[in-house]
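Engineer: Sharing a structure, written as structure tokens. Questions coming.
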Amino acid sequence: MTFSEILDRVGSMGRFQFLHVAILGLPILNMANHNLLQIFTAATPVHHCRLPPNASAGPWVIPMGPNGKPERCLRFVHPSNASLPNDTQRSMEPCLDGWVYNSTKDSIVTEWNLVCNSNKLKEMAQSIFMAGILIGGLVLGDLSDRFGRRPILTCSYLLLAASGSGAAFSPTFPVYVVFRFLCGCGISGITLSTVILNVEWVPTRMRAIMSTALGYCYTVGQFILPGLAYAIPQWRWLQLTVSIPFFIFFLSSWWTPESIRWLVLTGKSSKALKILRRVAAFNGKKEEGERLSLEELKLNLQKEISLAKAKYTAADLFRIPMLRRMTFCLSLAWFATGFAYYSLAMGVEEFGVNLYILQIIFGGVDIPAKFITILSLSYLGRHTTQAAALLLAGGAILALTFVPLDLQTVRTVLAVFGKGCLSSSFSCLFLYTSELYPTVIRQTGMGVSNLWTRVGSMLSPLVKITGEVQPFIPNIIYGITALLGGSAALFLPETLNQPLPETIEDLENWSLRAKEPKQEPEVEKASQRIPLQPYGPDLGSS
């Protein structure tokens, strides 16, 4: 008997499982708001220099730019006498008296004047937020192994609620950035624990469906954010609105049970048995739960216990040539996906289309993208799907370089297509990486992969700063990186209908150029298949 069969005995997909997935899914729905929040809280409105004291408005004060609109960062030097020389002979100066913003909505940009020479601080704030997700994954992943999944989940809810609320009351920009960093740490802890607890408590046959449902919670969250931002024009109130629900999630998380596998592996089998019996009673199978014994539970988790005792590190990912090649190619694919994804997801403002409508479109494209991904993974395979997703995304981003700014519709279509391809890439990578790495080192491999996508998402906003040198440079960098990631995926083996490797030595028996996938009995395939997890970019394993 396996743990899956024990799960069947206590209710399989009963009331507990549906409530469990719902409790885990609601925070994910709201987590998308935090992840993409700076699209609206850091929006940069049209602006120009504030007039000097006692100066009258007019073209003799604010010069006109090449586009026929007032310059955003320069003004004419105001003469001390009443005479006004010819515009072509006048010198210009920075906005010494601040700026005037043509918007009824406020943001961190308008409050702290993050424009002109200070506009780099806006991108830096997003990078520091992403750095929080990166550091949180490294620190909280280790703490989760030591103290359990549920305590980390509960503390992460509280951390995100408190730091998000703190950001809403930040008196200065540096304080705001610190709180956003802590928000990133909280998001990482929520992601890590949610994925593990969702997969563990759902039977094998339902994991793909429930994982898909949980993934779509993130997608739905992308629809909610524009509505909230439109209804709440003040960035502080918007920040507070998306943070307060996590205080409620903090309280509800006390109902969430701990990972049974973690309890058994850490010598807390008695507590694990009590939880299983509680779940059985909740599902109307109290008698089945009472018949479970400690010896039976330990016996059926003996394999997990044995694997846990075998300690592997990131260095083992480079032990044999095939594993080294896989790790390099997967790392590049993960980096490219995170790097390019956030170039589009956080660049909604650049396409000259209504910010709220475009964000809804950007969120909506994930729905068909993930559905097409599921079909492609099942019929074309992981290798083809992964390579195609990144290559097409890279091509779309590079094409943006050659489309004039006035062709807004064409640029928007390319951006939406590219974002859909990158969403597809994320969905594929979660499954593909899990299938490629052997069981004994799978968690380590997923952790390293997650690290690289966080590095990519952290560097992505900083690359936008290169646009001040030449506007086309960022898209060139994003596009080429995506193409490199897609090219790297071409060197990975196909895993469709292949048995999952248990040990590192099993990889040495794999043929890199196997043309015909081995057909297996459906029952055997179901027991080996790792479910597709078409989550958002921040719902991966760590």
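Note that Cβ sites are derived from N, Cα and C of the backbone, with glycine treated the same way.
Owing to the predicted nature of the structure, the values given are computational and were not obtained by experimental measurement.
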Engineer: Do Swiss-Prot's topology records have Ile209 and Arg411 sharing one side of the membrane?
Structural biologist: no
Engineer: Hey, which of Asn54, Asn102 does Swiss-Prot call N-linked glycosylation site?
Structural biologist: Asn102
Engineer: Labelled N-linked glycosylation site in Swiss-Prot - which residue from Asn81, Asn86 would that be?
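Structural biologist: Per Swiss-Prot, the residue annotated as N-linked glycosylation site is Asn86.
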Engineer: Measure from the CA atom of Asn102 (N-linked glycosylation site) to the CA atom of Ser4 (phosphoserine) and give the result in Å, rounded to a whole number.
Structural biologist: 60
Engineer: Based on Cβ atoms within 10 Å, give me the single least packed residue among the recorded positions Ser4, Asn102.
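Structural biologist: Among the recorded positions Ser4, Asn102, the sparsest Cβ neighbourhood within 10 Å belongs to Asn102.
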Engineer: Quickly jot the same-chain residues contacting the topological domain 'Cytoplasmic' (433-471) by Cβ under 8 Å, restricted to those at least six beyond its ends, or write none.
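Structural biologist: Counting only partners 6 or more residues beyond its ends, the topological domain 'Cytoplasmic' (433-471) has Cβ contacts under 8 Å with 120, 123-124, 126-127, 130-131, 133-134, 137-138, 141, 307, 310, 312-314, 316-317, 326-327, 330-332, 334-343, 346-347, 382, 477-478, 492-493, 495, 498, 500-504, 506-507, 530, 537, 540-542.
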Engineer: For the topological domain 'Extracellular' (349-354), give me same-chain residues lying six or more residues beyond its boundaries with a C-beta closer than 8 angstroms to one of its C-beta atoms, as numbers and ranges.
Structural biologist: 39, 43-44, 405, 408, 411-412, 415
Engineer: I'd like the per-state residue tally for the topological domain 'Cytoplasmic' (1-20) from DSSP, helix first, then strand, then coil.
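Structural biologist: Across the topological domain 'Cytoplasmic' (1-20), the residues distribute as 13 helix, 0 strand, 7 coil.
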